[in-house]
Ligand code: ADP
Ligand code: MN
(Lines of atoms letter the chains of each structure in order from A and count residues from 1; the text may use other names and numbers.)
(Lines give C-alpha, C1' and ligand atoms only; values in the text may rest on other atoms or scores of the structure.)
(Ligands and ions follow the chains in the order given, each with its own letter.)
Protein backbone atom coordinates (compact mmCIF):
# COMPACT_ATOMS: atom_id res chain seq x y z
CA UNK A 1 0.00 0.00 0.00
CA UNK A 2 1.51 3.30 -1.12
CA UNK A 3 0.82 6.25 1.12
CA UNK A 4 1.85 9.84 0.59
CA UNK A 5 0.97 10.64 4.18
CA UNK A 6 1.57 8.36 7.18
CA UNK A 7 -1.01 6.77 9.46
CA UNK A 8 -0.49 7.15 13.19
CA UNK A 9 -2.04 4.93 15.84
CA UNK A 10 -2.60 6.51 19.23
CA UNK A 11 -3.31 3.86 21.81
CA UNK A 12 -3.35 3.50 25.59
CA UNK A 13 -5.56 2.66 28.54
CA UNK A 14 -8.85 4.61 28.66
CA UNK A 15 -8.23 8.03 30.20
CA UNK A 16 -4.60 8.36 29.10
CA UNK A 17 -5.51 11.15 26.67
CA UNK A 18 -5.88 9.50 23.25
CA UNK A 19 -8.88 11.48 22.08
CA UNK A 20 -7.68 14.89 23.30
CA UNK A 21 -4.22 14.30 21.84
CA UNK A 22 -5.60 12.91 18.56
CA UNK A 23 -7.90 15.87 18.07
CA UNK A 24 -5.10 18.36 18.56
CA UNK A 25 -2.69 16.39 16.41
CA UNK A 26 -5.17 15.83 13.57
CA UNK A 27 -6.03 19.51 13.53
CA UNK A 28 -2.38 20.58 13.41
CA UNK A 29 -1.59 18.15 10.61
CA UNK A 30 -4.82 18.42 8.65
CA UNK A 31 -5.23 14.66 9.16
CA UNK A 32 -8.44 12.72 9.79
CA UNK A 33 -9.09 11.71 13.40
CA UNK A 34 -10.64 8.24 13.47
CA UNK A 35 -12.15 7.57 16.87
CA UNK A 36 -12.51 3.79 16.64
CA UNK A 37 -14.94 3.47 19.56
CA UNK A 38 -17.30 5.77 17.65
CA UNK A 39 -16.82 3.84 14.41
CA UNK A 40 -17.62 0.60 16.25
CA UNK A 41 -20.91 2.09 17.41
CA UNK A 42 -21.90 4.02 14.29
CA UNK A 43 -21.07 1.17 11.89
CA UNK A 44 -22.24 -1.59 14.20
CA UNK A 45 -18.90 -3.36 14.25
CA UNK A 46 -19.83 -5.34 17.32
CA UNK A 47 -21.75 -8.39 18.41
CA UNK A 48 -23.57 -6.75 21.26
CA UNK A 49 -22.39 -5.73 24.69
CA UNK A 50 -20.42 -7.59 27.28
CA UNK A 51 -22.40 -6.65 30.38
CA UNK A 52 -19.80 -8.01 32.78
CA UNK A 53 -17.06 -5.81 31.38
CA UNK A 54 -19.36 -2.99 30.24
CA UNK A 55 -17.85 -2.89 26.75
CA UNK A 56 -18.79 -3.85 23.20
CA UNK A 57 -17.82 -7.26 21.87
CA UNK A 58 -15.85 -6.28 18.78
CA UNK A 59 -16.56 -7.75 15.38
CA UNK A 60 -12.92 -7.53 14.26
CA UNK A 61 -13.51 -8.48 10.63
CA UNK A 62 -16.29 -5.97 10.17
CA UNK A 63 -14.23 -3.26 11.84
CA UNK A 64 -11.25 -3.90 9.56
CA UNK A 65 -13.46 -3.94 6.44
CA UNK A 66 -15.13 -0.73 7.53
CA UNK A 67 -11.89 1.09 8.28
CA UNK A 68 -9.77 -0.14 5.37
CA UNK A 69 -11.03 2.45 2.85
CA UNK A 70 -10.69 5.18 5.49
CA UNK A 71 -7.00 4.51 6.16
CA UNK A 72 -5.73 3.31 2.79
CA UNK A 73 -4.54 6.65 1.47
CA UNK A 74 -2.88 7.67 4.76
CA UNK A 75 -3.25 10.88 6.72
CA UNK A 76 -5.12 9.30 9.64
CA UNK A 77 -4.76 9.55 13.38
CA UNK A 78 -6.42 6.39 14.69
CA UNK A 79 -7.53 6.49 18.33
CA UNK A 80 -8.32 3.24 20.16
CA UNK A 81 -7.67 1.64 23.55
CA UNK A 82 -6.53 -1.63 22.08
CA UNK A 83 -4.16 -2.10 19.17
CA UNK A 84 -3.91 -5.78 18.25
CA UNK A 85 -7.03 -5.83 16.07
CA UNK A 86 -5.54 -3.80 13.21
CA UNK A 87 -3.35 -5.05 10.36
CA UNK A 88 0.28 -4.19 11.04
CA UNK A 89 0.64 -2.67 7.56
CA UNK A 90 -1.80 0.15 8.36
CA UNK A 91 0.55 2.11 10.61
CA UNK A 92 3.80 3.98 10.23
CA UNK A 93 3.94 5.00 13.87
CA UNK A 94 2.34 3.71 17.07
CA UNK A 95 2.24 6.00 20.07
CA UNK A 96 1.32 4.47 23.42
CA UNK A 97 0.14 7.07 25.91
CA UNK A 98 0.86 6.46 29.59
CA UNK A 99 -0.50 8.09 32.73
CA UNK A 100 0.36 7.82 36.40
CA UNK A 101 -2.07 5.91 38.59
CA UNK A 102 -3.24 8.93 40.58
CA UNK A 103 -3.84 10.92 37.40
CA UNK A 104 -5.76 8.07 35.80
CA UNK A 105 -7.82 7.57 38.96
CA UNK A 106 -9.01 11.17 38.85
CA UNK A 107 -9.74 11.13 35.14
CA UNK A 108 -11.74 7.89 35.28
CA UNK A 109 -13.64 9.04 38.36
CA UNK A 110 -14.53 12.26 36.58
CA UNK A 111 -15.72 10.21 33.63
CA UNK A 112 -18.17 8.44 35.95
CA UNK A 113 -16.73 4.95 35.60
CA UNK A 114 -17.91 2.38 38.13
CA UNK A 115 -15.35 1.35 40.75
CA UNK A 116 -14.99 -1.96 38.99
CA UNK A 117 -14.35 -0.49 35.57
CA UNK A 118 -12.00 2.14 36.97
CA UNK A 119 -10.03 -0.48 38.90
CA UNK A 120 -9.75 -2.75 35.86
CA UNK A 121 -8.39 0.08 33.77
CA UNK A 122 -5.94 1.21 36.44
CA UNK A 123 -4.70 -2.34 36.84
CA UNK A 124 -4.31 -2.63 33.10
CA UNK A 125 -2.25 0.58 33.05
CA UNK A 126 -0.05 -0.64 35.92
CA UNK A 127 0.44 -3.99 34.19
CA UNK A 128 1.37 -2.19 30.94
CA UNK A 129 -1.15 -4.27 29.01
CA UNK A 130 -1.40 -1.91 26.03
CA UNK A 131 2.37 -1.34 25.86
CA UNK A 132 2.97 -5.07 25.66
CA UNK A 133 0.21 -5.53 23.12
CA UNK A 134 1.75 -2.79 20.96
CA UNK A 135 5.22 -4.34 21.23
CA UNK A 136 3.84 -7.73 20.22
CA UNK A 137 1.81 -6.37 17.32
CA UNK A 138 4.15 -3.88 15.63
CA UNK A 139 7.81 -3.54 14.71
CA UNK A 140 9.72 -2.30 17.72
CA UNK A 141 11.14 0.75 15.93
CA UNK A 142 7.70 2.20 15.25
CA UNK A 143 6.34 1.83 18.81
CA UNK A 144 6.90 4.78 21.16
CA UNK A 145 5.73 5.10 24.72
CA UNK A 146 5.14 8.60 26.10
CA UNK A 147 3.82 10.16 29.29
CA UNK A 148 0.49 11.97 29.16
CA UNK A 149 0.01 13.37 32.65
CA UNK A 150 0.01 17.09 32.02
CA UNK A 151 -0.99 19.59 29.38
CA UNK A 152 2.74 20.17 28.80
CA UNK A 153 3.11 16.45 28.09
CA UNK A 154 0.30 16.65 25.57
CA UNK A 155 1.78 19.67 23.82
CA UNK A 156 5.19 18.05 23.64
CA UNK A 157 3.71 14.79 22.33
CA UNK A 158 1.85 16.69 19.62
CA UNK A 159 4.95 18.70 18.67
CA UNK A 160 7.02 15.55 18.50
CA UNK A 161 4.49 13.88 16.20
CA UNK A 162 4.29 16.94 13.95
CA UNK A 163 8.09 16.87 13.53
CA UNK A 164 8.02 13.16 12.96
CA UNK A 165 5.39 13.52 10.20
CA UNK A 166 7.44 16.24 8.50
CA UNK A 167 10.48 13.93 8.52
CA UNK A 168 8.41 11.01 7.24
CA UNK A 169 7.08 13.09 4.38
CA UNK A 170 10.55 14.32 3.48
CA UNK A 171 11.79 10.71 3.39
CA UNK A 172 8.83 9.40 1.42
CA UNK A 173 8.40 12.22 -1.09
P1 ADP B 1 -8.87 8.73 26.23
O2 ADP B 1 -9.39 9.11 24.87
O3 ADP B 1 -7.53 8.07 26.18
O4 ADP B 1 -9.84 7.93 27.03
P5 ADP B 1 -9.23 11.55 26.82
O6 ADP B 1 -8.47 12.25 25.74
O7 ADP B 1 -10.71 11.48 26.67
O8 ADP B 1 -8.63 10.08 27.05
O9 ADP B 1 -8.82 12.25 28.17
C10 ADP B 1 -9.47 11.95 29.42
C11 ADP B 1 -9.50 13.22 30.27
O12 ADP B 1 -8.18 13.58 30.65
C13 ADP B 1 -10.06 14.44 29.54
O14 ADP B 1 -10.77 15.21 30.47
C15 ADP B 1 -8.84 15.19 29.08
O16 ADP B 1 -9.06 16.56 28.97
C17 ADP B 1 -7.83 14.86 30.16
N18 ADP B 1 -6.46 14.75 29.64
C19 ADP B 1 -6.05 13.88 28.69
N20 ADP B 1 -4.74 13.98 28.47
C21 ADP B 1 -4.28 14.95 29.31
C22 ADP B 1 -2.99 15.50 29.56
N23 ADP B 1 -1.89 15.08 28.90
N24 ADP B 1 -2.90 16.47 30.48
C25 ADP B 1 -4.00 16.89 31.16
N26 ADP B 1 -5.24 16.40 30.96
C27 ADP B 1 -5.39 15.44 30.05
MN1 MN C 1 -11.20 8.44 23.90
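Cβ from N, Cα, C; glycine included.
Features of the protein shown, as given by TrEMBL:
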type	residues	note
REGION	1-21	region 'Disordered'
COMPBIAS	11-21	compositional bias 'Low complexity'
BINDING	15, 17, 18, 19, 20, 111	ATP binding site
REGION	35-58	region 'NMPbind'
REGION	110-120	region 'LID'
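Features per TrEMBL, on structure.
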residue: 15; record: ATP binding site; DSSP (3 states): coil
residue: 20; record: ATP binding site; DSSP (3 states): helix
residue: 111; record: ATP binding site; DSSP (3 states): coil
Exercise for the section: Of 15, 17, 19, the binding-site residues listed, which put a C-beta under 6 Å from ligand 2? Please answer none if none do. Expected result: 19
Practice task
Among the binding-site residues 18, 111, point out the residue whose Cβ has the most other Cβ atoms within 10 Å, with all shown protein chains included in the count.
Solution key: 18
Fill in the blank from the handout: Hits among 17, 18, 20, 111, i.e. binding-site residues with CB under 6 Å from ligand 1, come out as 17, 18, 20
Fill in the blank from the handout: Counted with DSSP (H/G/I as helix, E/B as strand, rest coil), the region 'NMPbind' (35-58) has 7 helix, 10 strand, 7 coil
Exercise for the section: Determine the Cβ neighbour count for residue 17 (ATP binding site): the number of other Cβ atoms within 10 Å of its Cβ. Expected result: 26
Handout entry: Farthest-apart CA atoms of 15, 17, 18, 19, 20, 111, residues recorded for ATP, distance in Å
Key = 14
Problem - Listed in sequence order, residues not in 15, 17, 18, 19, 20, 111 with Cβ within 8 Å of the centre of the ATP site Cβ atoms - result: 14, 16, 21, 107
Problem - Whole-number mean of pLDDT values that fall within the region 'NMPbind' (35-58) - result: 93
Completion exercise
The number of other Cβ atoms within 10 Å of the Cβ of residue 20 (ATP binding site), counted over all protein chains shown, is 15
Exercise for the section: List the same-chain residues at least 6 positions away in sequence whose Cβ sits under 8 Å from the Cβ of residue 15 (ATP binding site), in sequence order, or say none. Expected result: 99, 104, 107, 108, 111, 121
